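Participant: Before we start, here is the structure in question, set down as structure tokens.
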Amino acid sequence: MTTAATKGEVALGIAPTDSSLLRFVDKHQLDLSLSLLALILTGYQLGSPLAAKFVTLGHRVPGSEPPMYAKGADDVYFVIFWAIAFTFVRAAAMEFIFRPLGRTWGVTQASKVQRLCEQGWNSLYYIVSWSFGTYVAYHSDYWMDTSHFWIGYPHLYYSAIFKFYYLSQIGFWMQQIFVLHVEKRRRDYIEMFFHHILTNTLLIASYYTNFVRIGNAILCTMDFADIFLSVAKVLRYVGLQTLCDFTFVLFVVAWVITRHGMFTIITYSVIVEPERHRPIEWDPANGVYFSHEIRYVFMSLLLLLQCLLVIWMYYIIRVVYRVVSGSAAHDNRSDSDMTSPEDEGTAKSKKNA
């Protein structure tokens, strides 16, 4: 659960809330999300048109075969459904899969069991999300070719698999704002808060303005490194330090390649490539949101995201230094309870000195 806010968080107005309502929702998120899902699915089975909007993709293009879909206002229902669904799946996976596994692996400390459950879920989610997103990108014409972000724009119609992927991703990242406030507060809470706001803004704005190809590419580059980070944390919690250190090395390599390499290529494409492939044009009635102003907005958001990545890279370098100097790897970005018992003892000795 959340802890006392720092002065900086209070000043920025983003301090994690520690209300009784939030504690209640956190404690009962499995029951509450299951109840909401059951209500929606029951309504769907009974033929409720409103419930159907939550469960099925909307705005199918008439006569399209295979089915193609446009975007529209009813997509909000689908996003809400998946935000609830991810809350349920996360809580269920933590309670019925990773908590028993933690006990089986000999993890007894309550806080470590909880963090193992959280990182176990993160590992599972990012593996599935990255695989799904990469599959979508691989079967597209913009796979390894950023020019197709712009060629043929606006891209108004999506396959069922693409629309499901993109809307469920928006649902997941909206749900992550809730998760950030119910998990034990991270050291980099402020950075994570702004990251989630940036991510949701980019996803929603790219969907509204028909730049979803770029969104898919960015999601793939971001998800890959998080697989290794989450797995490394799980390995540390279960005491497999050598495997943890090896996985952390893979994480650092993946981070540099995807977040400071591939993501930079995508950002460069947004800054340099568009006018090579189509004229600047503003025609919202036909789905064209290609003005200089919109372009500058996306450039600014991507550069802000890159600034966050640079800050996190600094934290990563600190961890690498610890490993090279003979200490075990732990994530300076976040998990304070991943500090080793020896480190805790040293800290207490210094405090008592």
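Cβ atoms here come from the backbone N, Cα and C positions, even for glycine.
Those TrEMBL annotations? Automatic predictions, nothing curated.
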Participant: TrEMBL tags one of 32-56, 157-181, 257-281 as transmembrane segment - which one?
Facilitator: 32-56
Participant: Taking a Cβ cut-off under 8 Å, which residues six or more beyond the ends of the transmembrane segment (76-98) line up next to it in the same chain?
Facilitator: 29-30, 33-34, 36-37, 40, 50, 53-58, 116-118, 120-121, 124-125, 167-168, 170-172, 174-175, 178-179
Participant: Report, as numbers and ranges, every residue of the chain located at least six residues beyond the transmembrane segment (119-138) whose Cβ falls under 8 Å of a Cβ in that stretch; write 'none' if there are none.
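Facilitator: Contacts with the transmembrane segment (119-138): 90, 93-94, 97-98, 101-102, 161-162, 165, 169, 172, 216-217, 219-220, 223-224, 226-227, 230-231, 233-234, 237.
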Participant: For the domain 'TLC' (111-325), what's the mean pLDDT in this predicted model?
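Facilitator: Here the predicted model's pLDDT, averaged over the domain 'TLC' (111-325), is 95.
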